[in-house]
């Protein structure tokens, strides 16, 4: 893959930034694409742009605001509480988001001569999002190839690893401190370690604490 080109679906968060560093190691040329779907914190887009600029990555932002018209949710509406009731999808789930994001990323990839698409979806720390499942990604990969008659390959480096292992991967890629300090995972829009209270921050911190304990134990 070293001689090929890839497009990374990029939000500026921990997972997609780790995937960006992974792609930079795997491919000769990498571009990033971010989607503006009127998410609650526009800082997410600014954060992604700043990271791409710092890493020298060509960055495209696509307007997907129609998603908010079709599927209002807690990620786009300040009047909706972030909740996750047992047996129900979290209020942060956006119907069709990864389906649309990966489809538009594929269109962009074909236009820029890339056949590889990288996304940070994960089934291990799966929050109940059906569009983060491996079966969905594999199915969409086939559909995209048929729809555009093009040999796309969707890569999911984080699919079978948990948050602690994602931190480990960022460390192996030499990006641990960068990811910890400069990414935005927090639902409340706080860069770095975040608010510590929202579900995204709690998951991120639990993974970080586990990895740091493992790393310390390995060094003793």
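Residue numbering: from 1, along the chain as shown.
Glycine is no exception: its Cβ is also placed from the backbone N, Cα and C atoms.
Listed in Swiss-Prot:
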type	residues	note
BINDING	10, 11, 12, 13, 14, 15, 16, 17, 18, 19, 20	ATP binding site
BINDING	186, 195, 198, 201	Zn(2+) binding site
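Known features from Swiss-Prot, placed on the structure.
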residue : record              : CB count, 10 Å
10      : ATP binding site    : 30
12      : ATP binding site    : 24
14      : ATP binding site    : 26
16      : ATP binding site    : 23
18      : ATP binding site    : 27
20      : ATP binding site    : 27
186     : Zn(2+) binding site : 22
195     : Zn(2+) binding site : 13
198     : Zn(2+) binding site : 18
201     : Zn(2+) binding site : 18
*If we check Cα distances from residue 195 (Zn(2+) binding site), which of the binding-site residues 10, 12, 16, 20 wins as closest?*
12
*Once the DSSP letters are reduced so that anything not helix or strand counts as coil, what is residue 20 (ATP binding site)?*
helix
*8 Å Cβ shell about 186, 195, 198, 201 centroid, Zn(2+) site members excluded*: 185, 187, 188, 190, 194, 196, 197, 199, 200, 202
_Rounded Cα-Cα span from residue 201 (Zn(2+) binding site) to residue 20 (ATP binding site), Å_ = 20
